[in-house]
Amino acid sequence: MELSNSKKKDGSGRKFRNLLTALKSHIALLDNRLKKDECSDNPCRNGATCIDLYNKFMCICPSHFEGETCENRVNECSIYQGTPAGCQNNASCILNADGFHCVCQQGFHGALCQLRATACEFSLDLCGPAGHCIPTQPDPETNEVGTN
């Protein structure tokens, strides 16, 4: 069979050219879509990394953020409330740039306010340099801790 540019009487040459033109058009459209960078408008927020995908994007969120564009701050105070990973002993939980911190009630300390404070811990000169400080149980009325 010989290929030529000659016109066929049945119109198959014209149909083939039209099909080839449509195919070229679709390839050009697909090429443009593949070249489009969905991350070029910086859709990800709060320092997230944008990953360009076909006809869409994906954000890799930094710690403490979530959502399609990392627009939502994760509330660790709510997530950890009432668990061993959250603030203890009626401490107040405050969100900050690094996550959260706990504001302890009087008589408690530690990152999560999990430690009961004693006078011995905070007063080195209470018993003198050779003394031995022994904390007593907290007063049930005031929750104050004394020393012996």
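FYI, residue positions are counted from 1 along the chain as it appears here.
Just so you know, glycine gets a Cβ as well, placed from its N, Cα and C.
TrEMBL annotations: computationally assigned, not manually curated.
In TrEMBL this protein carries:
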DISULFID  Cys61-Cys70  disulfide bond
DISULFID  Cys104-Cys113  disulfide bond
DOMAIN    35-71  domain 'EGF-like'
DOMAIN    73-114  domain 'EGF-like'
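Between the CA atoms of Cys104 (disulfide bond) and Cys70 (disulfide bond) there is a gap of 31 Å. Its Cβ taken as reference, Cys70 (disulfide bond) is surrounded by 21 other Cβ atoms within 10 Å in the chains shown. When Cβ-Cβ distances below 8 Å are used as the criterion, the domain 'EGF-like' (35-71) is approached by residues 97-99 of the same chain, each at least six residues removed from its ends. The two recorded residues, Cys61 (disulfide bond) and Cys113 (disulfide bond), have Cα atoms 29 Å apart. Reported as a whole number, the C-alpha separation between Cys113 (disulfide bond) and Cys70 (disulfide bond) equals 30 Å. When the disulfide-bonded residues Cys61, Cys104, Cys113 are scored by other C-beta atoms within 10 Å, Cys113 scores highest.
DSSP classifies Cys104 (disulfide bond) as coil under the three-state reduction. The DSSP breakdown of the domain 'EGF-like' (73-114) into helical (H, G, I), extended (E, B) and coil residues amounts to 5 helix, 13 strand, 24 coil.
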